[in-house]
Ligand SMILES: Nc1nc2c(c(=O)[nH]1)N[C@H]1C(S)=C(S)[C@@H](COP(=O)(O)OP(=O)(O)OC[C@H]3O[C@@H](n4cnc5c(=O)[nH]c(N)nc54)[C@H](O)[C@@H]3O)O[C@H]1N2
Ligand SMILES: Nc1nc2c(c(=O)[nH]1)N[C@H]1C(S)=C(S)[C@@H](COP(=O)(O)OP(=O)(O)OC[C@H]3O[C@@H](n4cnc5c(=O)[nH]c(N)nc54)[C@H](O)[C@@H]3O)O[C@H]1N2
Ligand SMILES: [Mo]
């Protein structure tokens, strides 16, 4: 039994006391654990244990050591309907029970053929055997090649918890062994994060935003532009507080507040608050905004004083609007109407409306998750600058109301640190640039695999793709999150060794050589905050039950590898996760004391499971950029000019034709305005209602949304009728890159010529030997394009995608992805 199980596992308090001699034997670090941590939660009999997850805080019921159910925390104002999936996943048929190795790899090692990856031909091995294999391969590659031969980009949403961060654990281990190729950026807002430093000198779409109360008390109009705060706040990277529900209730009650939703989908929030749905063409947000800006300019409605005092480079943008800029097109409302299918008069009306009172412009992130995605955030802020209300109560713009309830007032609670950092690369071998760059933009993984030694450009720099031989992935699911699955499947063969550490048989695990079964967050201890912005409370993420089957904590797995690789003590630094939980709690407690906020001792906190904080009245009225507005010299923007940059000299120097030096419209390769109508429907693969990406897809929560057993495909009534499709039909969605099955959801809540298949649907190939095989369940990333947004950010262009849909008339193949491969059962 591991040390951790002894301390926090299913032993009763009395038995824990009798076990102290064993404890002493396993090391001092464990023996100094505060008594609170040692409390056994998964003891005999029935009880409920408070814990937290991406989906919310909950009480987990335990009967005779078995996790039997979840009940939302009673203070959650809007529990996520998918929450029961958290319990269901623990014993789910897709759970990885044992360490497994692909047969061919077990027999032949890294020189094994790679075509049978994904066939499910695995052999069960012992933990020792699996760990030896992994450690041996890491050591061999570090010795014979170098750190540039191992890719540990390992992007992904893992589980909540400030300590149990498997990505950082892996990176720390790799850094101690000489390093590896890491990744930069994210799939979320990669283009935004690339461009914003040039515009505002900061990412902006992070942390607290203008408070909801400021909006409710001051705004006359709120525009949700590609933003869905009702759906997207259901989850959080920490534990969601779901307080945004109160904001929606207030919005609904305040009928004099006008709400406009610019979205190809009539989302639930629009209906809930009786908003106006403006179903503009997807990907035509920039033309629509340009039409608005042109009206503001030509009707002399824009805020000249704001432009003069707070922004840089407007004259060049004005030339561009008037047709004397780089593309010589005047961006009249009529021109815009032709692109976005919103009538010209409506565009002018919007422009006038935006300046007639206090306007809050809210953007989500899909318009930057497309080709030339850098342009949208720039366009959005340029438009807000012309309106001139940035820094005023209830005015300006916000790019994050859809995550972490970012307009919530924050409590007086202290920050809560995170425990394990990747550290610095230990230089065992020098790393010459010609061996490849030390990191790649995360969404360029397939380019890297296809072009070892090839050059790529990124944010003004030129680098070389490394020649990687191995990948180790934890806490992410590349076979859901990455685009153009068939192309990826082929490129993936470049890896000689693929290690996937997960708790469930994702497609990534199926396409691995070595599969290591990790615990879920319910089988180990951690700590989190409720509300990344509100910071309502610190919550114990308690170990609810002992690990099931042969699953082990990520921490334990890495300690075992560190032992084999001779770096155990540097890796653990003499601590266990429980020590680290106590450490970060105690650091926070000290910081709180300095602010005169009292917090209980760690043991008391751990016993109770929660410490809640108070919300000072003053924190309700936050206005973002108010200080900049008040004094733009003292509080200048951290940009080159100290102002909001409508034009960027730095970007101009890069000379990128795919990222001009001011917000611009460049037609994407695929969109509804293109001439070629082979694939006439735009695919919207936005984030799922009742999952977090691919997490919980295998759980019973699927019953909330599946259509005829498949991932739903929202399709407009007219588009369906034109194709003889009725609600509930199985349809085939296809283009030149691939094909999937899905279940038709026929509705007028999506505009014509657009369909929606949510990202995160599990990839279930019918025949892995076929390069264009059908996905039997409905993964939209079989259809999406894999190109960088531009040379600036090199982010994903997942939303740039055209498809066709037809009724599926063949025999519907059985969905097999939600059960483990046979040998692994
Ligand atoms: N077409 C399209 N594609 C997209 C997007 C889109 O809008 N459209 N969105 C993109 C975005 S924004 C994102 S962020 C990505 C998300 O992509 P990912 O973050 O890769 O998606 P998840 O499904 O959250 O994957 C997390 C994985 O970690 C595993 N896991 C959870 N907890 C643990 C743990 O404690 N230990 C270990 N070892 N494993 C654990 C889960 O089982 C799961 O397999 O997808 C991107 N892909
Ligand atoms: N429930 C749930 N919430 C989540 C996640 C999840 O998986 N599930 N994932 C989290 C993560 S990692 C991220 S990055 C964020 C994602 O945040 P976003 O990228 O903002 O979220 P989405 O819901 O994908 O898209 C927002 C809205 O944009 C609309 N849209 C799509 N294309 C266009 C377009 O071209 N123009 C316009 N105007 N609108 C368009 C979609 O219909 C959708 O309503 O969400 C987070 N929240
Ligand atoms: Mo994301």
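Count begins at 1; order follows the chain as displayed.
Positions of Cβ are set from backbone N, Cα and C atoms, glycine also.
Unlike curated records, TrEMBL annotations are generated automatically.
As annotated by TrEMBL, Mo-bis(molybdopterin guanine dinucleotide) binding site applies to 157, 369, 477, 481, 524, 554, 781. The annotation domain 'Molybdopterin oxidoreductase N-terminal' is assigned in TrEMBL to 51-91. Look at TrEMBL and you will find 95-564 tagged as domain 'Molybdopterin oxidoreductase'. Annotation source TrEMBL lists domain 'Molybdopterin dinucleotide-binding' at 681-801. Residues or ranges marked as signal peptide in TrEMBL: 1-24.
Every protein chain shown contributes to the tally, and the Cβ of residue 524 (Mo-bis(molybdopterin guanine dinucleotide) binding site) ends up with 30 other Cβ atoms within 10 Å. The list of residues near the domain 'Molybdopterin oxidoreductase N-terminal' (51-91) in space but at least 6 beyond its ends in sequence, with Cβ under 8 angstroms from a Cβ of it, reads 10, 41-42, 44-45, 157, 159-160, 234-246, 503-504, 520-523, 528, 530, 539-542, 544-546, 548, 609-610, 690-692, 695-696, 698-701, 704.
Under DSSP, residue 477 (Mo-bis(molybdopterin guanine dinucleotide) binding site) is assigned to coil, being neither helix nor strand in the three-state scheme. Counting Cβ atoms from all protein chains shown, residue 477 (Mo-bis(molybdopterin guanine dinucleotide) binding site) has 25 others lying within 10 Å of its own Cβ. Every protein chain shown contributes to the tally, and the Cβ of residue 369 (Mo-bis(molybdopterin guanine dinucleotide) binding site) ends up with 27 other Cβ atoms within 10 Å.
Binding residues for Mo-bis(molybdopterin guanine dinucleotide) (157, 369, 477, 481, 524, 554, 781) extend across at most 35 Å, taking the greatest CA-CA distance. Here the binding-site residues are 157, 554; the one with the fewest Cβ atoms within 10 Å of its Cβ is 157. On its own chain, residue 781 (Mo-bis(molybdopterin guanine dinucleotide) binding site) has 480, 481, 482, 483, 484, 485, 685, 759, 763, 798 as residues at least 6 apart in sequence with a Cβ closer than 8 Å to its own Cβ. Look at residue 157 (Mo-bis(molybdopterin guanine dinucleotide) binding site): DSSP puts it in coil.
Broken down by DSSP into helix, strand and coil, the domain 'Molybdopterin oxidoreductase N-terminal' (51-91) contains 7 helix, 18 strand, 16 coil. Confidence across the domain 'Molybdopterin oxidoreductase N-terminal' (51-91), taken as the mean pLDDT and rounded to a whole number, stands at 97.
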